[in-house]
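Peer 1: Just dropping this structure here.
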Amino acid sequence: MKDREDQLVREEQEHMLFEEEVQTESVDQASEAVEHSESTEADDGADWSDEAEEKIEDEDERQEEASQFLKSWREKHEAYLASQAQSLEVVREEVENDSDQGQSKKRSSFFKREKKLKEDQVSIPRKAWAKAVPIYLVAVSVVLLATYFISPWSKQKQLKVTGQNLLTAEMVRQYSLISDQDYSLTTLLHKDAYAANVKKSSNLVKTASISYQFPNQFTIAIEEYKEVGYIKQNDAYYSVLSSGKIAEIETAEENLGADYTLMNLTDKEMIKELALQLDQIDQKILTNIQQVDLTPTTATADLLTLTMYDGNKILIPLSHIDTKLSYYLTIAPQLSVASVVDMEVGVFSYALSQ
């Protein structure tokens, strides 16, 4: 359509140029005729006036014919231009209609695409969220963990120790094998293993556990075995524990206390058996025992003599401590003088001076 419109415009321009040329040519011819007649009159004089008039009339006729031709051509040209303008208008209307149809199609196509995009925007998240969320969470977790592990906070921890008596807090920390270079997260994940290290490292530890408090505080809580007495080895005192084991650390004499029990025994199995049985008796009796000595007889190889802080003595087989020694709480108030309570065979007492 656009090419056709351009062609019509070019044709119109050509016809206008042609019209200008025709008009110019007619004017030139008329001027030449007038000039020729005037020159003829001047040269030939009055004798030739008739001929000049005839020629002038002929020129007038020719000019009139040319004028009529020009008028006829102008009418045809105007009719042609009108038809061309009408054709041009039709072409323009067709172009505009095509343009409107194209725009309408474009708008329709745009709205369809927009509608499709809206549908896609609504439908895609519904299908993709279920798969995208786990991936997103994993990615964020990885980034956070990486950031945490490269930061100084990852190794900063506070270790607190509770429940220690014979052991010191520093000893418990060393027993746990927790290093300053260990990550806090690693310590948290392996806290049971670190607690087991404490328990295995000392005979004194009965139980050990590690608890965590945000952000980086760890508490090592221990329970020590009860002390039931002491043994003396090379002028050093060591605790005899309720588990039957002997503590690995030395106790200074000034830390023994006022009512400690000294076991003058060398057999470790006998010491263990005595400790296990003393752990079963009343604490009032246990704190009243000052010293334990092995005094076997022909009849009783494991006969022990218990020297009490109240001035009395008890003769009792090691194997009967858990069953007979508890009677002492009933017998002691009935003794008026320092006495010997014999529990080797049966139970009876007599004055210590006898």
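Backbone N, Cα and C define each Cβ position, glycine as well.
Automatic, uncurated: that is what TrEMBL annotation is.
As listed in TrEMBL for this protein:
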type	residues	note
COMPBIAS	1-18	compositional bias 'Basic and acidic residues'
REGION	1-69	region 'Disordered'
COMPBIAS	40-63	compositional bias 'Acidic residues'
TRANSMEM	128-150	transmembrane segment
DOMAIN	154-225	domain 'POTRA'
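Could you tell me the structural context for the features on the list?
Peer 2: Counting same-chain residues at least six beyond the ends of the transmembrane segment (128-150), those with a Cβ under 8 angstroms from any Cβ of the stretch are 183, 185.
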Peer 1: Just to confirm my parser: what is the rounded mean pLDDT across the domain 'POTRA' (154-225)?
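Peer 2: Mean pLDDT across the domain 'POTRA' (154-225) comes out at 93.
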